[in-house]
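The block underneath contains the structure these notes are about, expressed in structure tokens.
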Amino acid sequence: MASLATFQVENDIVDVDSTPQQGFDRDDLYKYDDVEQKAILAAHPWRTDPSYFRNVLVSSIALVKMAMHARSGGAIEVMGMMTGKILPNTFVVMDCYPLPVEGTETRVNAQQEGIEFMVEYLQGLKDVGRRENIVGWYHSHPGYGCWLSGIDVDTQFQNQQFQEPFLAVVVDPNRTISAGKVEIGAFRTYPKDYKPPKKATKQNQDQSVPLSKAKDYGAHSERYYELDVSFFKSSLDENLLQLLWNKNWAATLSQSTIQLNHDYTSKLMLDLSEKNAQLAIGLGEKTPQSQGRGFREAMSKADNEPHTNLLNYSTKGQWEAVNRSVKDGVQIGSDELQGLMSLEIQRRLFGRAK
């Protein structure tokens with residue numbers, strides 16, 4: 001179907017039947033070699049190189065299942081486990097499954113019932129001849145991007161202490177709907193007392209984080225690093241993908257992103273308003289009635305004096321915050337415009353949109 005093809009193109013899912021991924025062909029990815037896996041585990045090179053793992057290869061099946069599970073949680077965080085294997089410098093995620101855990105809008109933790117479910121699920125895999133082991137966990141960040149909070153870092157650090165090698169993946173379902181591409185990130189923590197290079201801890205400055213999360217965002221960046229994520233499939237995956245997709249094809253055609261993400265968009269606009277209010281105060285404004293005047297005066301002076309540097313009127317950090325605020329506003333407007341366009345197309349095709 002066209003929508004499935006679009007999903008695969010948007011997420012750059014590579015067919016390994018014809019194009020190897022990260023130097024690994026189809027047999028490397030799909031064949032489980034017990035001897036090879038035991039040799040890698042026995043060598044445990046990640047103990048001497050904290051950044052040994054640099055890449056994550058995720059199957060198209062696992063990607064779709066994680067995205068659907070994250071979306072099903074709405075504003076509540078969900079959690080699941082990933083199964084697969086290890087290759088040199090690389091995690092291979094073949095499949096995933098959700099955990100029956102209780103989450104909130106800010107955190108999710110596996111309790112005793114979740115641990116019991118994991119044990120039973122792994123035994124079920126062995127019973128049907130699936131030899132993949134757990135290689136990590138995933139959870140959702142509804143609306144606030146892919147990064148690790150302090151709680152996430154502590155959870156991942158403990159997992160790496162007792163279940164190495166282990167990976168943490170974060171999915172943002174709200175931004176996935178807005179962008180049409182799965183918003184996903186993969187991370188690992190550094191050993192205790194390890195000091196990583198500064199460039200390794202620099203997070204994506206273009207990532208927009210809600211004001212309520214700003215304090216936690218980046219506060220633990222020296223404790224973990226991000227891995228490159230890419231996606232793969234084979235011709236054997238096509239039937240499974242079609243089955244997964246066909247369960248939701250009607251909703252895919254009839255639903256509008258502008259309506260699905262209505263609450264999320266409202267929160268984005270409110271958050272942007274609060275950020276702008278703080279920026280105005282930081283730029284010298286003291287009252288709500290005069291917010292924005294200081295920045296307009298600085299812009300006017302810069303227009304009249306071409307060599308004027310706006311950094312003279314605000315600190316570098318404030319100017320970067322203004323730049324991010326502008327980008328956030330443009331992104332919100334762009335997403336809304338695309339949503340309105342898709343809504344109009346659906347109305348012309350079906351007469352109305354749900």
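Numbers run from 1 along the shown chain.
Positions of Cβ are set from backbone N, Cα and C atoms, glycine also.
Since this is a predicted model, take the numbers as computed values, not measurements.
Per Swiss-Prot, the range carrying the annotation motif 'JAMM motif' out of 97-110, 139-152, 251-264, 335-348 is 139-152. In the three-state DSSP reading, HIS141 (Zn(2+) binding site) counts as coil.
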